[in-house]
Amino acid sequence: MSGLTHFDASGHAHMVDVGGKQETQRIAIARGTIRMLPATFALIRDGKAKKGDVLGVARIAAIQGAKRTADLIPLCHPLALTRVAVDFELDDALPGVHCVVQVETFGRTGVEMEALTAVQVGLLTVYDMCKAVDRGMVITDVSVREKRGGKSGDWKAEDTAG
């Protein structure tokens, strides 16, 4: 692994110059989970949450999160995203919800941060919409699962658990 790219020779933070990089298709997939009480899970599953369609609102929030990443993470480049796909998987065994986001662009830098931000914002929205009945929900295991494109090539998480 190379050194930290967001610091110059003097140790000052800077936005990485991607001007000389090749434009390629960039894809990143991130995943995260929110664990909750069985009663909270049932409200989401059955569509009975007082604030409405929890996963529908969380899907829109995740998409917005991906689009606004450069506004939130200081050294991220603003990107023209070509696709943001959000999937929620209900898991009775936890109980909880998994959020999987795939982000794509055609550009000079990757979209891992956009995918991670989207997952976090989606799961935070689930928390926000359900906190009145379950303040003990836990957001966990947020990670990049796969990235494709760019100079460093393709990468996939070694574990297959998520």
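Using N, Cα and C of the backbone, Cβ positions are placed for all residues, glycine too.
Sequence-distant neighbours of Cys76 (substrate binding site) (same chain, 6+ apart, CB under 8 A from its CB) are Thr69, Ala70, Met113, Glu114. The DSSP secondary structure for Cys76 (substrate binding site) is coil. According to Swiss-Prot, the substrate binding site annotation covers Leu75, Cys76, His77, Met113, Glu114.
Asp128 (active site) has a Cβ environment of 14 other Cβ atoms inside 10 Å. Per Swiss-Prot, the feature active site maps to Asp128.
Of the recorded residues, His77 (substrate binding site) and Asp128 (active site) place their C-alpha atoms 28 Å from one another. Across the residues annotated as binding substrate (Leu75, Cys76, His77, Met113, Glu114), the two Cα atoms farthest apart lie 12 Å from each other. Within 10 Å of the C-beta of Leu75 (substrate binding site) there are 13 other C-beta atoms, taking all protein chains into account.
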